[in-house]
Amino acid sequence: MNGTEGENFYIPMSNKTGVVRSPFDYPQYYLAEPWKFSVLAAYMFFLIIAGFPVNFLTLYVTIQHKKLRQPLNYILLNLAVADLFMIFGGFPSTMITSMNGYFVFGPSGCNFEGFFATLGGEIGLWSLVVLAIERYVVVCKPMSNFRFGSQHAFMGVGLTWIMAMACAFPPLVGWSRYIPEGMQCSCGIDYYTLKPEVNNESFVIYMFVVHFSIPLTIIFFCYGRLVCTVKEAAAQQQESETTQRAEREVTRMVIIMVIAFLICWLPYASVAFFIFCNQGSEFGPIFMTIPAFFAKAASLYNPLIYILMNKQFRNCMITTICCGKNPFEEEESTSASASKTEASSVSSSQVAPA
């Protein structure tokens, strides 16, 4: 055994020398130099001061501008809400624990932070599933008379929360557990031990199958079919140029969101799966710390992608910030831009069925 397991923790270091201590009671500077903990604290501070404004602005701008309240935009707003849950529910505690060198909030605080981190990540993943299904239905048209409306959007939002809770809540009630990971300054699902007392092995398998593999399979299937359909439609000119351009813009934005999600979360999932499949193997604390903290950047990239790639939302945001005026919008292109970006809205209600 190359680690030390306690009642509520697992530290990736053997206690042969007797230096290993509980991450809830003592600084963990034997795992890494103090300056590395300071770097983690500074990183979390950056995510807080950068992530809160852009996610809050996403919500505020959509509330202020009625034309942004399109059905599928509700899913994008759902991502912003999930990001804010992560920012308020986990980031401050992670920053404070990194500053102190150990998890000062105890096992209860670890459960609290682990729950919100898992909940936010899963809402993000299942939101991308809903977006992928919407793109598939709208562009590929397997159901010719289907129109994505507000009711479908609310159902999609509800699905994301139900599935996220089905993943984040069980460790709080005895199926698996949340423990400090890596340098012991942030908490997540216990991938490190089998822990038969809480049936940890079955939960981790359930999580990887139901809450990671299946969602990604759905996403890849939808976009695989979508790419083929877009190419066929372009070749046959089945849609107007304006409609094709609008659908391409929306699809491109959502695909980039999926790629960004994979960049942020795939390293974490891969390392966690490796650790789980190699119980007791030797690995350093940095091995899990880097992907775990890198995954937290997910709270920042989604709103940035949305702002940068959705011209209608970007114009509304600039108008809100500039107190009702958009100094960057040319007068002669106002009419054309408005019609184009309105068509680019992530709402299938504006796309005529075949």
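Using N, Cα and C of the backbone, Cβ positions are placed for all residues, glycine too.
Relative to the membrane, K67 and K141 occupy the same side according to Swiss-Prot.
Within the set C110, C140, C228, the cysteine that Swiss-Prot bonds to C187 via a disulfide is C110. The recorded positions C110, C187, C322, C323 differ in how many other CB atoms lie within 10 Å of their CB, and the one with the most is C187. The predicted model assigns the topological domain 'Extracellular' (1-36) a mean pLDDT of 90.
Across the fold, the C-alpha of C187 (disulfide bond) and the C-alpha of N2 (N-linked glycosylation site) stand 20 Å from each other.
For the transmembrane segment (37-61), the partner stretch with the highest count of Cβ pairs under 8 angstroms, out of 74-96, 111-133, 153-173, 203-224, 287-308, is 74-96.
Around N15 (N-linked glycosylation site), a 10 Å sphere centred on its CB holds 14 further CB atoms from the protein chains shown.
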